[in-house]
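Report on one structure; see the data block that follows.
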Amino acid sequence: MNILMLGAPGSGKGTQSEFLCSKKGFKHLSTGDLFRKNISEETKVGLWAKDFIIKGLLVPDEVTNKMVEEFLENDSDNLIFDGYPRNIEQAVELDKMLANNSKKLDYVIYLDIDDSILVERIINRLVCPTCKRSYHKLNRKPKVENICDFDETPLEVRDDDVLEKVNQRLQTYNEQTKPLIDFYKNRLKKIDSNNKSPNEIFKNILDSLGI
Ligand code: ADP
């Protein structure tokens with residue numbers, strides 16, 4: 001079964017993807033994480049993607065689709081797609097790429113959350129560069145200040161998690177990614193994510209998938 005996590009930046013896609021991977025054996029495909037890995041390794045893709053990411057814009061489809069295609073050559077089932085597709089063109093491309101591997105995208109989990117919560121969450125986010133888990137500077141602090149609970153790596157603030165960039169990212173999401181809600185209406189599972197703990201949301205996701 002392949003699943004897409006759909007939702008605004010800061011809606012909890014990464015956290016829920018991590019739960020699905022560690023508790024239900026899925027594998028995580030986060031295009032944002034793949035881009036950040038390419039940036040830190042200074043690959044050609046990384047150098048190319050950096051300018052778009054720092055501006056809160058989408059990396060052009062050609063580069064993004066190619067990166068996903070390469071990933072799917074090794075693995076095309078039991079995946080959690082996180083941050084891809086992010087526009088209709090990518091969604092059409094993904095259906096084709098999966099069909100070429102005799103697979104499909106089975107369900108789309110849409111984490112529905114009020115815009116007002118997102119900015120506060122993103123600008124207070126700390127991430128572990130090793131395991132990619134995220135924390136909140138005030139509400140979900142690590143046990144030891146600035147250190148990941150799971151692997152003791154010093155936590156970081158993402159370059160694009162600053163206020164000037166966040167508004168552009170939300171605008172990009174509203175203009176380009178939100179239309180996917182309608183595109184995927186037949187496989188969509190909408191999860192109300194307001195005022196709920198990550199564990200409650202996870203339970204709702206499992207119920208909606210019947211797993
Ligand atoms: P968030 O969901 O918090 O915005 P991500 O880690 O998914 O963060 O993405 C960070 C950035 O990486 C995006 O703002 C964008 O520039 C780039 N990116 C990630 N996925 C895609 C994609 N599918 N298409 C184009 N650009 C992408």
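In case you wondered, yes, glycine gets a Cβ from its N, Cα and C as well.
A TrEMBL annotation is a machine prediction, not a hand-curated record.
Database features (TrEMBL):
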type	residues	note
BINDING	G10, S11, G12, K13, G14, T15, R125, S134, Y135, N195	ATP binding site
REGION	30-59	region 'NMP'
BINDING	T31, R36, L57, L58, V59, G83, Y84, P85, R86, Q90, R158, R169	AMP binding site
REGION	124-161	region 'LID'
DOMAIN	125-160	domain 'Adenylate kinase active site lid'
BINDING	C128, C131, C148, D151	Zn(2+) binding site
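Shown on the structure are the features that TrEMBL records.
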residue: G10; record: ATP binding site; DSSP (3 states): coil
residue: V59; record: AMP binding site; DSSP (3 states): coil
residue: Y84; record: AMP binding site; DSSP (3 states): coil
residue: C128; record: Zn(2+) binding site; DSSP (3 states): coil
residue: C148; record: Zn(2+) binding site; DSSP (3 states): coil
residue: R158; record: AMP binding site; DSSP (3 states): coil
Could you find out if DSSP has Y135 (ATP binding site) as helix, strand or coil?
strand
Cβ within 8 Å of the mean position of the Cβ atoms of C128, C131, C148, D151: remaining residues of the chain near Zn(2+):
P129, T130, K132, R133, D149, F150, E152, T153, L155
Contacting binding-site residues for ligand 1, chosen from V59, R86, R125, C148 when the Cβ sits under 6 angstroms of any of its atoms:
V59, R86
Chain-internal residues, separated by at least six, CB under 8 A from C128 (Zn(2+) binding site):
S134, Y135, C148, F150, D151, T153, L155, E156
What are the non-local neighbours of C131 (Zn(2+) binding site), defined as same-chain residues 6+ apart in sequence with CB under 8 A from its CB?
C148, F150, D151, T153
Sparsest Cβ surroundings (other CB atoms within 10 Å) among the binding-site residues R86, R125, R158:
R158
Largest inter-residue Cα distance among T31, R36, L57, L58, V59, G83, Y84, P85, R86, Q90, R158, R169 [record-listed AMP binders, Å]:
24
Whole-number Å value for how far R86 (AMP binding site) lies from G12 (ATP binding site) (Cα to Cα):
16
Grab the pLDDT values for the domain 'Adenylate kinase active site lid' (125-160) and give me their mean, rounded.
96
